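Have a look at the structure below before the remarks.
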Amino acid sequence: MNKKLHWKSLGTGTTNLILIHGWGVNSKIWSILVQSQLYQHFKLHFVDLPGFGHSNQLLPMTLNDTAELLSVYIPKNSILLGWSMGGLIASKIALNYPQKIKGIISVCSSPCFIVRPNWPGIPKKIFLKFYNKLNINFDRTISEFITLQSHNTNYLEIKNLKQQILSQPYPTIYTLKKNLETIFKTDLRTKIKKLKIPMLRIYGSLDTFVPKKIREILDILWPKTKSITIAHASHIPFVSHQKEFYESIINFKNYLNTLKITCQK
């Protein structure tokens with residue numbers, strides 16, 4: 001029985017890129033990156049979050065505890081890349097352990113996923129309905145989730161992605177629900193505003209989970225961060241729009257190199 005965090009490193013580059021997956025899936029969501037140009041530019045670190053994939057024997061943790069656990073594995077001067085819920089985790093790591101982090105990339109994520117006064121997001125009623133209907137049919141839930149969020153994506157690539165994800169150990173319903181609770185209650189809008197680490201935010205113009213209005217608001221709230229929206233992309237742009245996605249990641253790495261950043265003391 002494996003009760004350790006599953007962590008795998010690949011790539012020929014010298015810059016550490018930590019890939020943090022989102023809700024319901026595992027590190028296989030990034031499988032397409034292994035064959036990409038990112039492999040030459042970065043040392044890619046794939047992690048299965050507590051309760052997911054080959055870390056499924058670990059109980060789900062709070063956002064703080066997850067950040068603490070991952071920080072033990074993260075090399076100094078790393079770039080964090082968090083997708084969806086993984087963006088919350090990446091942000092929390094950067095807030096709690098800035099001395100290790102060179103930059104943050106948030107992909108189709110939000111500091112606050114749920115709608116609030118003067119803030120767009122997922123309506124509470126819709127979120128709670130999904131939470132209450134979550135059942136043991138994990139295959140169907142994840143398959144439908146990926147399909148709905150994969151507009152303009154090659155059918156065979158999506159089929160292969162589903163197979164890769166579902167080939168790994170499944171999370172429990174308890175894990176799925178505890179992570180949904182974390183998404184529901186987390187609001188990092190004010191805290192991230194104070195973060196001094198360079199940040200890139202990537203959005204998809206057709207993303208139904210993270211409304212495009214969020215980019216416009218955060219461009220004002222967080223003027224020191226960079227942002228791009230990939231046209232015609234939904235919630236999984238690293239699969240549907242690989243060229244644009246890879247270019248944005250490499251350009252951000254090159255930008256960080258011009259700053260000659262060494263991590264905060």
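Including glycine, each Cβ sits where the backbone N, Cα and C put it.
According to Swiss-Prot, Trp23, Ser84, Met85, Phe145, Ile146, Thr147, Leu148, Gln149 bind substrate; the candidate from His235, His241 that the record adds to this site is His235. Among the active-site residues Ser84, Asp207, His235, the ones whose Cα sits within 10 Å of the Cα of Ile146 (substrate binding site) are His235. Asp207 (active site) sits 5 Å from His235 (active site), taking the C-alpha atoms as the reference points.
For the pair Leu148 (substrate binding site) and His235 (active site), the C-alpha distance works out to 9 angstrom. Residues within less than 8 Å, Cβ to Cβ, of Met85 (substrate binding site) and separated from it by at least 6 positions along the same chain comprise Gly22, Trp23, Ser109, Phe113, Asn179, Thr182, Ile183.
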